[in-house]
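Everything below concerns the one structure shown next.
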Amino acid sequence: MVVLQAHRALWARFIILCSAVLLFGLSASYAHADHFLSPDQAFSFSAKLSSPDHLQLRWDVAPGYHLYRDRIQVSVLPTSILLGKYTLPKGVMLNDPAFGKMRVLEGENSVIIPFSVKGTPPDTLTVKATYQGCANAGVCYPEQSKTVQLSLLAPASAPIPTASLPSPHSRSSQVKSSSNAGVLAGALQDSFWLTLGLFFVAGLGLAFTPCIFPMIPILSALIVGQEAKRGAQKSRAFTLSLAYVLGMALTYTIAGVLAAITGAYLQAVFQNPWILGAFASIFVLLALSMFGFYELQMPSSLQTRLSGLGKGGHLFSSFVMGALSALIVGSCVAAPLAGALLFISQTGNVFLGGLSLFVLSLGMGLPLLIIGTSAGRLLPRAGAWMDAVKAIFGVLMLGVAIWLMARVLPGAVSLALWAALAVISSIYLGALDALGAEATGWRRFRKGVGILVLAYGLVMGVGALSGASDPLQPFSRVLEAGKGADRSQQAALHFSIVKSPQALDAALKQADGKPVLVDYWASWCVECARMDKVTFATPEVENALRNRVLIRVDVTRDDANSRALLKRYNLVGPPAFMAIGANGQVQAQQEGYLGPRAFMRWLPKS
């Protein structure tokens, strides 16, 4: 009996202990969900010199928070300081419902970065780190930027190394960014020969653009103008052609080196929607020229002047003509070259940047070299095959234009453009042409490919109309419709977009006595995308919000307006929601992601 009572007492204590732990955990999680840390508390950053030529960066991420690995950027000033190659901590894989698998950093993370100084060592080094993270509870913080100044005054026994010629694998001050081009740069910078091979192939592709063909008669004039004997003409023609191509290559190599040195500035330029739109327009114009809508070439006066200057057959004149031709043609192939320069700026590797553009130039010049060596005997004749090649490159150029604009266009619009490109390409492939009994096997095969491309284009078109944005998953919204979400967020819920406190005040005033939902949103916020994809696309949520005025506060940009909008309701970042009643008073406020059921429980009845 005594033993039984002892057992009962022990079980009672155990149950009380478990209850206390459970209550403590629930209260902690509640506090954690409703009271988020400040950015400096959630993501503590520090920098120091671990040795005279090594920099140590450290991020201490609070429990329940994470940093996105591919959104970390590091740069140093002055520009005479060159960062060496390094690797960020591997982190852990996070399966994000909106963006798929993403690698994040949690807990303590540090990285050692070697550096060298070009020229006279400065007294101080300024480290700038930018990074962005989220709370596991569902709030994303704006991009953080921290600057730390370190003294480089070292004892004589530990001099700071000066920079010599960069190695093929060295990197400058800029780490790869999170853009698509940054991902490509990160994937290729460790594959030296693959990078050079791709640039050579790209150069061959540019050789078939309408801007390169005018260089052929210029080169031919150089060959014809030389005074060598007939027996030595082939070797002489090769030498002159090589000098011409090397002159062109040198010009582009210098551009590649400058792109690597000024990488951070060049990347910033190519985040401007107007810049992206301008280069996308150039791609479209080049593509239309490829399709034969008009002829795009250098003015005949310039061609005549270059041909006249090149007469005489001297190596130096051939070299100079190649350099001048590259400058003139460069404006015509500006868009493809801009893409190459943007990639080089992402790697930050001066050696690789210059060599990549040199190889690109060799690819562009290879047909010229072959034609020049043959003294014009191998000059390609116009024909159906050339029209087919031009059409292929025209389609590729339109694809690059869409890829550029996809950064700033809504996802559904981008998918619609991909669909239009596929449908138009299928028509050129003969998908709608009738085949006679005498049709060749090649024509039948081309028609079959055209039908497949047409079918996929129609599928993407349906996906775009349903609000989908991924060309590889065009039916994602249609599949959601089968589960009850019969319309996309964009089509079902209409948010008024505001980007300043004044615009928010005006939108609230226009509500005119109606209940309001204020949604804080940003383009870089993964949880915001998750809200759009899951919560706001649920029919129950859509119906519950139909009687409310919907206002979306866009805090994408890190500027004074965004900071004032966040401070207005004491928010750390999006997503966040305010339910405002018909009387203009805040009924409920929530920070962080909410699933459909949780959102319905939180939303006050209007």
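Glycine residues also receive a Cβ, built from the backbone N, Cα and C atoms like all the rest.
Remember, it's a predicted structure, so these values are computed and weren't measured experimentally.
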Problem set entry | According to TrEMBL, the disulfide-paired cysteine of CYS528 among CYS332, CYS525 | CYS525
Exercise. How big is the gap, in Å, between the Cα of CYS134 (disulfide bond) and that of CYS525 (disulfide bond), rounded to a whole number?
Worked result: 8
Seminar exercise, completed: Under a three-state DSSP reduction, the secondary structure at CYS525 (disulfide bond) is coil
Seminar exercise, completed: In all the protein chains shown, the tally of other Cβ atoms within 10 Å of the Cβ of CYS525 (disulfide bond) is 24
Problem set entry | Best-contacting stretch, by C-beta pairs under 8 Å, relative to the transmembrane segment (391-409) and drawn from 274-294, 415-436, 448-468 | 274-294
Seminar exercise, completed: DSSP composition of the domain 'Thioredoxin' (479-606), residue counts helix/strand/coil, works out to 50 helix, 26 strand, 52 coil
Problem set entry | Number of Cβ atoms other than its own within 10 Å, given for CYS528 (disulfide bond) | 26
For this session: Compute the C-alpha separation of CYS528 (disulfide bond) from CYS140 (disulfide bond), stating it in Å without decimals.
Result: 8
